[in-house]
Amino acid sequence: MRTRIIAKLDVKPPYVVKPVHFEGLRKVGIPAELAKKYYDQGADEVFYIDIVASLYQREILFDTIEETANELLIPFAVGGGVRSMENFSKLFHKGADKVVLNTYALQENPDLINEAARTFGNQAVVVNIEAKKWDNHYECYSDCGRIQSEKDVLAWVKEVEERGAGEILLQSVDKDGRQRGFDINLAKQVVDAVEIPVVVSSGAGTLEDIKELIEYAKPSGVAIASLLHYDKLTIEEIKKYLRNDGIEVSK
Amino acid sequence: MSNVIGIVNYGVAGNIHSVQKAIEKAGGKVKIVNTKEELLAVDKIILPGVGSFRDAMEELHNKELVESLKEVVQEKSILGICLGMQILTSLGFEYGKTAGLGFINAEVKPMLVDAKVPHLGFSSIEVIKSNAILKGLENEEFYFMHSYEVVNYTDIATLTSYANHKFVSSIHKDKVYGVQFHPEKSRDAGIRLFTNFIEL
């Protein structure tokens, strides 16, 4: 099975930013330009998360999304501040293939998952998990790791699967942006808990980190941000390394 | 000769825009089809696909397009993409049993695989019986995004492996073509497939 290598853009319009621990934002580029660059490098997909829409309680900005979508002939997942079926429709209209949900489903109305999956198909509904580690469990957060939910990560991923989500984007509040390796135990627990694909993010610092994650947790995809934004590695280099080590990836 | 590609608009989501964008990139002229009259006026037909089998057929019935599609299937080339390929068959099992268009004698069932579903990502194709739209693409990879598969024994054009499971990834019979993958999300290989379809 081929592990998908995905480029993740955390966007604070009009810029792609890179938060560390989801805070301390640094501007790294323009969404459409970076999306094109990673497409040319061989990304399997692009994830685009407007990381402030929910916090500012405004709608996601559609123009930037359309501009970015126009650069891509690969799947494009978009999220941030999504809270209605109208948001879903509009995002698909602007070129999204999948919509990523977190805050609203977690903190207010999980039924939106069911409704969206029924209407747009399971594969179009991705649930974003921001996991933070406590002594012996992980808790779901929202709004870039700012707001607690008191929901246990493993219970919540099973619930969203049951409700019809087609995929999970798993982020770690503790590891994000640090480039010091993934939380591979968290990843394995989540991958094993559900039947749907899990894309793991947060923590890639070296090629070995990515390989270790894939071999240990067997996620369906790995989402990379900082490593790419700072030109430490290209997607081509990552795929070549993994292929040489016997891990299947697309061309 | 006029060569307008009609993309049938059914279902609420649809990924009509990305299909349209890709066909234009392949050099095609696109018309979005909502009515019987529009369907009869175009030269070739694409059934795009995102959503469920049942909703898709319901919407085609509501727009009175089922009979029109059956009328034109002898003269116009039709390409079904993903769900659009699935509804070319006789029977779907998503949210209850639903009759499909019946152009290909097959059924659509949940993927029988011991791996994560939906199947997402780029995979290669194994050609069983090639056809004009696959010309030059035998060694390419295409993007898949599906939980159901077409189960049939005839009209198979290609197979694809996912985990240890082989499923039908494209079908062809006369003027009817179906691909389980998304050419509009499959980089330049997908554009070439659309070019092949435009040139039929």
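Backbone N, Cα and C atoms are what each Cβ position is placed from, and that goes for glycine too.
Residues annotated as domain 'Glutamine amidotransferase' in TrEMBL: B:14-197.
Sequence-distant neighbours of B:C82 (active site, nucleophile): residues of the same chain at least 6 apart with a C-beta under 8 Å from its C-beta are B:P48, B:G49, B:V50, B:M145, B:H146, B:V179, B:Q180, B:F181, B:H182. Reduced to three states, the DSSP call for B:C82 (active site, nucleophile) is coil. Taken from TrEMBL, the feature active site, nucleophile covers B:C82.
TrEMBL lists B:H182 (among others) with the feature active site.
If you look up TrEMBL, you'll see B:E184 (among others) marked as active site. There are 29 other Cβ atoms within 10 Å of the Cβ belonging to B:E184 (active site).
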